[in-house]
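Copied over from Swiss-Prot:
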- H22, Q87, H154, G385: anthocyanidin binding site (BINDING)
- H22: active site, proton acceptor (ACT_SITE)
- D122: active site, charge relay (ACT_SITE)
- T145, A345, Q347, H362, W365, N366, S367, E370, D386, Q387: UDP-alpha-D-glucose binding site (BINDING)
Amino acid sequence: MAPVSNQAGGHVAVLAFPFSTHAAPLLNIVCRLAAAAPSTLFSFFNTKQSNSSILASDTSVLRYTNVCVCEVADGVPEGYVFVGKPQEDIELFMKAAPDNFRKCLEASVAESGREVSCLVTDAFFWFGAHMADDMGGVPWVPFWTAGPASLSAHVHTDLIRNTTSGDCHDEKETITVIAGMSKVRPQDLPEGIIFGNLESLFSRMLHQMGLMLPLATAVFINSFEELDPVITNDLKSKFKRFLNVGPLDLLEPTASAATTTPQTAEAVAGDGCLSWLDKQKAASVVYVSFGSVTRPSPEELMALAEALEASRVPFLWSLRDNLKNPQLDEFLSKGKLNGMVVPWAPQPQVLAHGSVGAFVTHCGWNSVLESVAGGVPLICRPFFGDQKLNARMVEDVWKIGLRLEGGVFTKNGMLKSLDMLLSQDKGTKMKNKIHTLKQLAQQAVEPKGSSTRNFESLLEMATTN
């Protein structure tokens with residue numbers, strides 16, 4: 001356990017969901033809270049594997065003497081052999097999570113000598129309501145890692161199930177019974193709401209979450225109120241408090257967070273990306289990235305590469321090593337492409353760079369919000385989870401991007417999308433709209449902005465009990 005100030009203070013226990021990209025943004029917020037409340041202890045509970053992954057690319061958390069990064073068991077029984085079931089690792093973790101977290105909390109309290117004064121959890125952990133009650137009724141403050149539209153869909157799951165046909169092939173039916181969702185079709189919703197295996201452990205967990213979140217002291221989210229005012233106001237009416245505290249990447253960094261950190265291999269690679277972008281024309285570069293989890297097929301990756309070659313537009317492609325294949329490697333090694341391929345890129349800085357004019361993305365929420373913060377319109381190829389819903393909001397509600405023709409990468413479809421976004425009037429309108437949203441995002445994190453005020457409320461809630 002990291003050293004902690006001897007000054008008396010509260011103890012905020014933070015329970016992270018260790019899969020996908022849930023844990024890192026939660027730890028980001030924890031560090032900001034810790035910097036503002038140095039006498040409060042923040043115990044961050046996450047699996048060893050997830051903690052290692054986060055710390056491998058960002059060691060800044062180690063500077064905070066009042067943040068303790070702790071390990072919780074992954075729920076996999078000793079000697080267990082995985083059989084390849086969908087979400088097998090998630091189900092094992094979730095089944096054991098309540099007991100495992102309780103044991104870790106008891107050990108943390110015993111070691112630190114501080115009782116838990118506030119419980120912050122990933123929103124998936126609906127059982128946080130019961131844990132908070134068992135600890136004497138401390139505040140339970142869950143964090144929703146995706147966007148407000150997907151949160152609204154989960155909170156209104158029963159209403160959606162009772163009022164829609166559930167026909168995922170009906171292109172005309174939309175979700176008209178929920179504020180701000182009139183452009184959303186049933187097939188845009190995440191699995192587990194009206195299609196998919198509704199009886200899986202994961203689907204039942206999400207349904208229970210939607211029922212329990214209104215009991216929370218507050219729910220907070222990495223977004224800003226001005227992006228989705230209608231949905232935000234509806235969620236405010238459903239929760240005791242609903243706090244938009246983003247975009248996180250635009251929040252004023254603390255003095256501690258702004259200090260120089262040792263250069264990791266990824267940081268060096270990032271410097272190379274930014275130096276290359278410095279040499280390109282304004283708004284000319286297409287940035288391509290599918291996050292850390294999504295896996296497009298080899299056929300789609302080849303179609304994308306062929307389209308980039310044919311378009312001759314400069315591009316920066318963050319291509320993970322586990323997505324490469326011999327055919328793609330051979331194609332990329334020919335040297336005919338007008339761009340740069342790297343295994344990792346510092347995405348917020350890339351999207352904030354003036355040379356970037358388009359973002360080809362899987363539409364994960366963090367990527368969408370970072371694109372808004374950077375003022376870069378999107379070309380969307382969603383795959384799973386909330387990504388289809390995010391893409392629908394991008395194209396039909398905010399009108400700051402477009403989805404691929406046919407929904408998958410083809411050479412011709414990608415060329416059409418690039419031409420439309422970079423060269424046609426429709427693309428100019430998208431750029432203007434996302435520039436307006438960028439300005440609203442910047443205003444939200446100003447000293448008197450909505451996200452700054454909400455962050456201050458979150459800080460007070462977490463540290464004054």
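The backbone N, Cα and C atoms fix where each Cβ goes, and this holds for glycine too.
Of the listed binding-site residues, namely Q87, T145, Q347, S367, the sparsest CB environment within 10 A is found at Q87. Long-range Cβ contacts of D122 (active site, charge relay) within its own chain (separation 6+, distance under 8 Å): L15, A16, F17, H22, A23, L26, P142, F143, T145. Cα to Cα, Q87 (anthocyanidin binding site) and S367 (UDP-alpha-D-glucose binding site) are separated by 23 Å.
Recorded residues S367 (UDP-alpha-D-glucose binding site) and G385 (anthocyanidin binding site) have their alpha carbons 14 Å apart, per Cα-Cα distance.
Max Cα-Cα distance over the annotated UDP-alpha-D-glucose binders (T145, A345, Q347, H362, W365, N366, S367, E370, D386, Q387) is 23 Å. Taking the C-alpha positions, the distance from D386 (UDP-alpha-D-glucose binding site) to H154 (anthocyanidin binding site) comes to 11 Å.
H154 (anthocyanidin binding site) sits 28 Å from Q347 (UDP-alpha-D-glucose binding site), taking the CA atoms of both as reference points. Here the CA atom of G385 (anthocyanidin binding site) lies 21 Å from the CA atom of Q347 (UDP-alpha-D-glucose binding site).
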